[in-house]
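Trainee: Per Swiss-Prot, active site is recorded for Lys10, Asp136, and the stated evidence type is sequence analysis. Residues or ranges marked as ATP binding site by Swiss-Prot on the basis of sequence analysis: Pro94, Ile95, Cys96, Ala97, Gly98, Leu99, Gly100, Gly101, Gly102, Ser103, Ser104.
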Amino acid sequence: MEIIEKAPAKINLGLDIAGKYQDGFHELSMIMASVDLNDYLTITEIAEDKIVVESNNCKLPLNRKNDVYKAAHLLKRRYHISTGLKISLQKKIPICAGLGGGSSDAAATLRALNCLWKLNLSPKELIDVGFEIGSDVPYCIEAGCALISGKGEIVEPLATTLSTWVVLVKPDFGISTKTIFKEIDMATISRVDIPALKEALLANYYEDALQFMGNSLEDITIAKKPFIQKIKGRMIKCGADIALMTGSGPTVFALCRTEKRADRVVNSMKGFCKEVYKVRML
């Protein structure tokens with residue numbers, strides 16, 4: 001039997017670092033939204049009791065370091081599955097970009113195997129398993145627009161009908177999330193009003209939502225990679241409603257209410273960075 005599963009990218013409409021736990025992890029308060037830039041996983045059962053991961057992206061590890069492998073191995077071991085798997089991962093989401101590609105791939109693997117192996121796990125159970133793999137995986141189980149809190153394990157879907165054009169620009173360098181989080185100083189970090197952003201999104205007030213969007217990690221990442229600020233400035237100059245870094249970077253997204261304005265931003269950025277995508281917020 002073969003299953004094909006889609007894994008959408010995400011952007012952070014709001015990312016606030018609310019505090020730090022005694023175990024060293026940070027308390028997160030974020031609003032994420034899915035966009036229609038997708039990876040695709042094709043999962044096939046094989047007779048041999050092993051997990052084989054292959055991908056069109058040669059930069060990805062295909063062993064236990066890969067989140068897809070981790071997800072498959074975790075479910076296989078926990079539910080005593082004796083058959084093997086071949087997982088083909090068609091990557092379209094840039095890696096090390098702040099777009100949640102690896103987490104979304106892991107979540108897609110969990111969803112697909114839940115179906116393939118007839119495990120009948122609820123979304124809450126999948127979220128709990130996903131959190132063992134990474135802090136963004138719980139959100140990616142159901143994706144959409146959601147408020148994420150705690151260490152990433154608390155996911156509250158938000159019923160907003162706001163949708164807009166999104167331009168993604170990924171510069172030709174990556175960022176280590178661990179490196180950025182090590183630089184956080186709770187005394188000086190910029191804060192984002194997530195409750196106000198949530199309220200604006202639920203009311204479907206686009207202009208109000210724009211005012212409350214932000215990313216607490218931007219200043220830290222831009223201090224290391226000033227080119228990100230140049231991307232933001234160019235997007236705004238071309239008519240974007242807002243330009244923000246997503247996650248710990250380095251990808252910057254612009255929101256544009258009209259496709260004409262989004263096209264203007266795309267055309268300007270194509271001569272500036274190689275990886276430019278025009279997508280919709282789902």
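Cβ coordinates are placed from backbone N, Cα and C, and glycine is handled just like the others.
These numbers come from a predicted model, not from an experiment.
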Trainee: Counting only residues 6+ apart in the same chain, whose Cβ is under 8 Å from the Cβ of Gly102 (ATP binding site)?
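Mentor: Those within reach of Gly102 (ATP binding site), by Cβ under 8 Å and sequence separation of 6 or more, are Asn66, Asp67, Ile95, Gly134.
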Trainee: Quick one: pull the CA-CA distance for Gly100 (ATP binding site) versus Asp136 (active site), whole Å only.
Mentor: 7
Trainee: Out of Cys96, Gly100, give me whichever of these binding-site residues has the highest number of other Cβ atoms within 10 Å.
Mentor: Gly100
Trainee: Long-range neighbours only, meaning 6 or more apart in sequence with Cβ under 8 Å: which ones does Gly98 (ATP binding site) have?
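Mentor: Those within reach of Gly98 (ATP binding site), by Cβ under 8 Å and sequence separation of 6 or more, are Asn12, Ile175, Met245, Thr246, Gly247, Ser248, Gly249, Pro250, Thr251.
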Trainee: Pro94 (ATP binding site) to Lys10 (active site): how many Å between their Cα atoms?
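Mentor: Their Cα atoms are separated by 12 Å.
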Trainee: Out of these recorded positions, Lys10, Pro94, Ser104, Asp136, which one has the fewest other C-beta atoms within 10 Å of its own C-beta?
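Mentor: Lowest Cβ count within 10 Å among the recorded positions (Lys10, Pro94, Ser104, Asp136) is Pro94.
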Trainee: Measuring Cα to Cα, how many Å separate Cys96 (ATP binding site) from Asp136 (active site)?
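Mentor: Cα to Cα, Cys96 (ATP binding site) and Asp136 (active site) are separated by 13 Å.
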Trainee: What whole-number Å value do you get for the CA-CA distance of Lys10 (active site) and Ser104 (ATP binding site)?
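Mentor: That comes out at 8 Å between the alpha carbons.
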Trainee: What's the CA-CA gap between Asp136 (active site) and Ser104 (ATP binding site) in angstrom, rounded?
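Mentor: Cα-Cα distance, Asp136 (active site) to Ser104 (ATP binding site): 8 Å.
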Trainee: Cβ within 8 angstroms of the Cβ centroid of Pro94, Ile95, Cys96, Ala97, Gly98, Leu99, Gly100, Gly101, Gly102, Ser103, Ser104: which residues besides those meet this for the ATP site?
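Mentor: For the ATP site the neighbour list reads Ala9, Ile93, Gly247.
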Trainee: When DSSP states are folded down to helix, strand and coil, where does Asp136 (active site) land?
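Mentor: Where Asp136 (active site) sits, the three-state DSSP reduction gives coil.
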